[in-house]
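Swiss-Prot lists Gly166, Ala167, Ser168, Ile232 with the feature NADP(+) binding site.
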Amino acid sequence: MVAKIIDGKTIAQQVRNEVAGLVQQRLAAGKRAPGLAVVLVGENPASQIYVSSKRRACEEVGFLSRSYDLPASTSEAQLLELITQLNDDAEIDGILVQLPLPAGIDNTKVLEHISPAKDVDGFHPYNVGRLCQRAPTLRPCTPRGIVTLLERYQIDTFGLNAVVVGASNIVGRPMSMELLLAGCTTTVTHRFTKNLRQHIENADLLVVAVGKPGFIPGDWIKPGAIVIDVGINRLESGKVVGDVDFDLASTRASWITPVPGGVGPMTVATLIQNTLQACENNDNGVSA
């Protein structure tokens, strides 16, 4: 068996094109373009790359894009004050604070200070709670992007045994909620899980998000399984690989996401979708 490739790059471009078309319709109807504020504190090289890709994506679809590049010496109080101003700014529909933040700034306090109605990353407890209660509004970007990939490829998930490897607030936990909504029987594994191999060998749908290159051996994959690899790891050679041994896994799975070009592009595309949704919610008087 040779797995079919789930091409996130192509689907992400489709999503961007769809959003760009909807923005043009808004402008033609006399409405304003959605606005996204991207806040970067410090000079983390990886964060700078991520932020530049998000800003570029915004501009490509016709959003108002505002950048706030703050020095590493910025205090927590100063950052919270900026977020307060952006919460009150009628031109801004989405606020994105790039993580990680410098030492001395409480990530949780900062993320919870963002208005849930402008939380386009989907990290605010209100939005995570809505997802848990089967009434999602702004959904965490990577899990929602994965669901979009499964939907676009018409992969039926109802009744599947799904296993999520990794229990982070950004991917693992909200992903488990998305899979429940998608009709899966869902297991979340983590660093205290015993018999990890046994769980994976029983998985019809496997989502791996641990940030360790080749963490899941390919021969653990159940024949015919759907494999979603969220990991993005750069080796010393410069090669970028995922958390799953792709070469062997792709001979056993029915569908698999490559790294790069799988889940990664969908995270930014979903951020764009969420920003448009936040703008439309604002138009319609829908508040968090």
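Glycine too: its Cβ is placed from the backbone N, Cα and C atoms.
Counting every protein chain shown, 16 other Cβ atoms lie within 10 Å of the Cβ of Ser168 (NADP(+) binding site). Taking the Cβ of Ala167 (NADP(+) binding site) as reference, residues of its chain lying under 8 Å away and at least six apart in sequence are, in sequence order, Arg173, Val188, Thr189, His190.
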